[in-house]
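**Student:** Take a look at the following structure, please.
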Amino acid sequence: MLSLWRPLLALSLHVLLLLLPPGNCQMFGYNNGFHYQDISNGNGNGELYFNGIRLHVESDHPSVSATRGSSVTLPCHYHYEPELSTPRRTRVKWSWLPASVIAEPVASPAFYRESEVMVAMGNRHRSYGSFRGRVRLRRSAPGDMSLVINELQLNDTGRYRCEVIDGLEDESVTVELELRGVVFPYYSPKGRYHFNFFGARKACHDQDARLATFEQLFTAWEEGLDWCNAGWLADGTVQYPITVSRSGCGSEDLAPGVRNYGPRHRHNHHYDAFCFSASVKGSVYYLKSLAKLNFTEAVQACLREGSHMAKVGQLYTAWRLMGFDLCHAGWLADGSVRYPITKPRKNCGPPEPGVRTFGFPPLDMKFGVYCYR
Ligand SMILES: *[C@@H]1O[C@H](CO)[C@@H](O)[C@H](O)[C@H]1NC(C)=O
Ligand SMILES: *[C@@H]1O[C@H](CO)[C@@H](O)[C@H](O)[C@H]1NC(C)=O
């Protein structure tokens, strides 16, 4: 498609329009109120652009998932059809919409404006914001404009746009970036349904996680998550996943699915939270110790190791992404007691894999401890 906004010299435009048969003009839609300036491309001969050569921008994978802390490549390449005889100068722009923005239901379209990740022209390039110094173009072949992002962070997820611009044409493709991770329900030490939206968001954060998006909860439901308590999601809705319909969890007659209460009042309504945690570089381990520990002793035991007590999100990721399996109940940093089971067996909880929880026992009770390093 020809761009609606590519800068273009007004003079060239006249030339081009003269070259076109009548009736073709409106297809280019140049009357959009933008200023046309600086045609920095080609040999200045308008015909070049209208000899049927088309710019194609493609991605092999419209959606990519990666692990936190690792590097990821978002594929994007372009070519011309038929091939160009004289090369054109192209500019590549990667921009993005963070997943948190996509999830927010807001009225103003300005809010959805993509922000820049990287702009490259020839060998020159520039990266922006939190991507500065973390991104580069792969350039493994002519036309390869794939974006490599290093040191992936939780908040890098979202929709990325690869846009190739030559003097006249402007084509783009989008690639979704997801982190491999795990969704887990979380409730307050004070009990069920104690979080308003902001409390839920902070609670997930404190567990090294984020409020889950609907897509993440839906995927978790497809993978078998069944939880009969409603929790906040990143978009401010309250939902819960049911794989086996039963009364008290929607209705027995209702098909299994993600039950949706819709958007709730962010300050006044209280629920649990669904958090999403993605893998981390460090590792979670159970501290071998002869005696069982109360909570204060557990805190100190991890510190003595040069570690910290594991957070709930960290235990869940270790369980889900690294197959962590241990039938010993241990303290975690939030004062809950849990243990991870990937191979269910006798005396280690129910027949499904999962992170077993004892809730928040009195802090003088004695258990093991999970540390994180
Ligand atoms: C994303 O997370 C990193 C690490 O937690 C933080 O330094 C950065 O400021 C965050 N970026 C945004 C845009 O929130
Ligand atoms: C844990 O035990 C220590 C003694 O080893 C005691 O000083 C501390 O108060 C206990 N902590 C709790 C929360 O009961």
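Note: Cβ is positioned from N, Cα and C throughout, glycine not excepted.
Automatic, uncurated: that is what TrEMBL annotation is.
In case it helps, TrEMBL gives these features for our protein:
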- 1-25: signal peptide (SIGNAL)
- 53-174: domain 'Ig-like' (DOMAIN)
- 182-277: domain 'Link' (DOMAIN)
- Cys228-Cys249: disulfide bond (DISULFID)
- 282-373: domain 'Link' (DOMAIN)
- Cys302-Cys371: disulfide bond (DISULFID)
- Cys327-Cys348: disulfide bond (DISULFID)
**Student:** Once the DSSP letters are reduced so that anything not helix or strand counts as coil, what is Cys348 (disulfide bond)?
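**Tutor:** Going by the DSSP assignment, Cys348 (disulfide bond) belongs to neither helix nor strand, so it counts as coil.
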**Student:** I'd like to know which of the disulfide-bonded residues Cys228, Cys249, Cys327, Cys348, Cys371 has the most other Cβ atoms within 10 Å of its Cβ.
**Tutor:** Cys371
**Student:** Tell me the residue counts in helix, strand and coil for the domain 'Ig-like' (53-174), as DSSP assigns them.
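**Tutor:** Taking the domain 'Ig-like' (53-174) as a whole: 15 helix, 57 strand, 50 coil.
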**Student:** Nearest of the disulfide-bonded residues to Cys302 (disulfide bond) by CA-CA distance, picking from Cys228, Cys249, Cys327, Cys348?
**Tutor:** Cys327
**Student:** Going by DSSP, is Cys302 (disulfide bond) sitting in a helix, a strand, or coil?
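**Tutor:** Where Cys302 (disulfide bond) sits, the three-state DSSP reduction gives helix.
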**Student:** For the domain 'Link' (282-373), would you mind checking the mean pLDDT of the predicted model?
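**Tutor:** 95, rounded to a whole number.
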**Student:** Report the nearest neighbour of Cys371 (disulfide bond) in space among the disulfide-bonded residues Cys228, Cys249, Cys327, Cys348, comparing Cα positions.
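**Tutor:** Result for Cys371 (disulfide bond): the nearest of the disulfide-bonded residues is Cys327.
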